[in-house]
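Asker: Before anything else, here's the structure in question.
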2 protein chains.
Amino acid sequence: MNLENYFISQFKSANIGDDGAFIDGMVYSKDAFFENIHFKTSWMSHYQIGYKSIMVNISDAVAMNATPKYALLSVAMPKDITKSQMRDLAKGFQDACAKYGVDIIGGDTISNIKLDITVTIVSKSNKPLMRKGLKRGDLIAYSGTLGKSAKELKKLMNLGKIHKNSKFVNIFLRDKFIYNNRRFLRVGMDISDGIFSDLQKLSLASGVGFRFYKKIQKRVGCSGEEYEMLFGFDRRFKKTLLRRAKLTKTPINIIAECVRKAYTNRCKSHHFNKN
Amino acid sequence: MNLENYFISQFKSANIGDDGAFIDGMVYSKDAFFENIHFKTSWMSHYQIGYKSIMVNISDAVAMNATPKYALLSVAMPKDITKSQMRDLAKGFQDACAKYGVDIIGGDTISNIKLDITVTIVSKSNKPLMRKGLKRGDLIAYSGTLGKSAKELKKLMNLGKIHKNSKFVNIFLRDKFIYNNRRFLRVGMDISDGIFSDLQKLSLASGVGFRFYKKIQKRVGCSGEEYEMLFGFDRRFKKTLLRRAKLTKTPINIIAECVRKAYTNRCKSHHFNKN
């Protein structure tokens, strides 16, 4: 068990274990977005940093079939940040929030040695999509393509440049697909730590293993920060889902079926400072 | 305007401006508690760090007459943290939350170069206490004594030791006084940045100034992290409040009355790294 999981294991709450906590019709989620852990300022503009920090958090809400409503920001800024960088950062927060109708209702700003952001998103959901509930025979799928994010990260680590529409800086969420198809889905989550790691979470939550239809390469399976959707569904909805996915132009890859046994992730932690 | 206020000025929301945001019967608050900004690990045990990080956030809920219900934690930990330190930190979080019946429902854990915590508290309130609403003639008071926190901070900065019951590590909140007397109060907030700074916030929110009954010394007025309550009330409730405060053993200091004009804070920012 790595140290982070050891720490998390100290906490026991019925509400911990999904992308967010679902309580009384609300979903609460919170993620950190820290300099030199999740990004470097040489990789992204302050606008992109602000924008992405919100989007990765809205992704958790979307993945639970929740509509994001409010954001609280904690922004720790280095002392040498310029007013122009601050305006860009604020604009990034605001544009991402505006795109999803989210109101920034508060938070905290402090001086620090680097730019460290945490975002809390408050969402509403009548029928949240959780990680628990897979049954043997259910099918497992993901949306879009995987592997680009790791590739782009590698390019950045080698001092290369990436395109401004790259997935690493400009995340596209699958909100329409989830909102339109909730009733056909059994479980779901976003792919933030890499699909292997995230499959393990589904496996643990539901007590099932997976029989894969074809081998997923490690460079794909361990690519984090993809923000595609990983979901499971009753196999009798297969045709319906594939047909309906076309309405939102969502590519669907059915990769496995649920079986007895468990599943173990074989990637290292995905944050680039921890390899 | 300092840089932090400049950044905050970029955001316009009707919900920003109080200790927390009040929406649909809920209060949302969020504060950072960062190493070398709010504490040093040589000053406090990991248990005390965890405990205080929760208490300073519950203070915002209490100050708004809200009952804290849920906490989301973001914990960035240095790689050399030991399992024993982690357990102590977790215990600190848990004990503070248990004291106020708060359930830790989620959050995020990452590796970082130092121990940086942010806490989001979700509370409920039927009748929140805000900063806006003071009228000319209203009286302004604070609870307890002020100035100790700055004194203890100075001691710590000079490599001295402080007692484990010191206000700097063991915060006492005025929840009973607030909950019992909400109906007699016009406005309220906790004293986290120093009473001078916090008076300015009341002044700005309500468009009033203050005539002081006696001079408050700068070492008292600029002492942050006091977590006493600053509040205003209609002068006809003066006797009632003073009498009822005794029921919860809450010392009350009436310091000023509201007048036309404005009020300007004369302290520097209180975080110890920014002087």
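Cβ from N, Cα, C; glycine included.
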Asker: Could you look at B:Asp60, B:Asp80, B:Asp138, B:Asp234 and say which one TrEMBL places alongside B:Asp19, B:Asp190 in the Mg(2+) 3 site?
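Answerer: Candidate in the recorded Mg(2+) 3 site: B:Asp60.
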Asker: Compute the centroid of the Cβ atoms of B:Asp19, B:Asp60, B:Asp190, then list the same-chain residues not in that set whose Cβ lies within 8 Å of it, in sequence order, for the Mg(2+) 3 site.
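Answerer: Filtered neighbour residues, in order: B:Asp18, B:Gly20, B:Ser29, B:Ser59, B:Ala61, B:Val62, B:Ala63, B:Met64, B:Met189, B:Ser192.
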Asker: Where the distance is taken from Cα to Cα, which of the binding-site residues B:Asp19, B:Ser29, B:Asp60, B:Asp190, B:Glu225 turns out closest to B:Gly107 (ATP binding site)?
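Answerer: Nearest listed residue in space: B:Ser29.
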Asker: According to DSSP, does B:Asp190 (Mg(2+) 3 binding site) sit in a helix, a strand, or coil?
Answerer: strand
Asker: I need the CA-to-CA distance for B:Glu225 (substrate binding site) versus B:Ser29 (Mg(2+) 4 binding site), whole Å please.
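Answerer: Roughly 16 Å, rounded to the nearest whole number.
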Asker: When C-beta separations to chain A are restricted to under 8 angstroms, which of the binding-site residues B:Asp19, B:Asp190, B:Ser192, B:Asp193 qualify?
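Answerer: Listed in sequence order, the binding-site residues near chain A come to none.
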Asker: DSSP-wise, what's the residue breakdown of the domain 'PurM-like N-terminal' (B:17-122) into helix, strand and coil?
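Answerer: Its residues fall into 35 helix, 44 strand, 27 coil.
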Asker: Using DSSP reduced to three states, classify B:Arg131 (ATP binding site) as helix, strand or coil.
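Answerer: The three-state answer is coil.
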Asker: Going by a 10 angstroms cut-off between Cβ atoms, which of the binding-site residues B:Asp193, B:Glu225 has the sparsest surroundings?
Answerer: B:Asp193
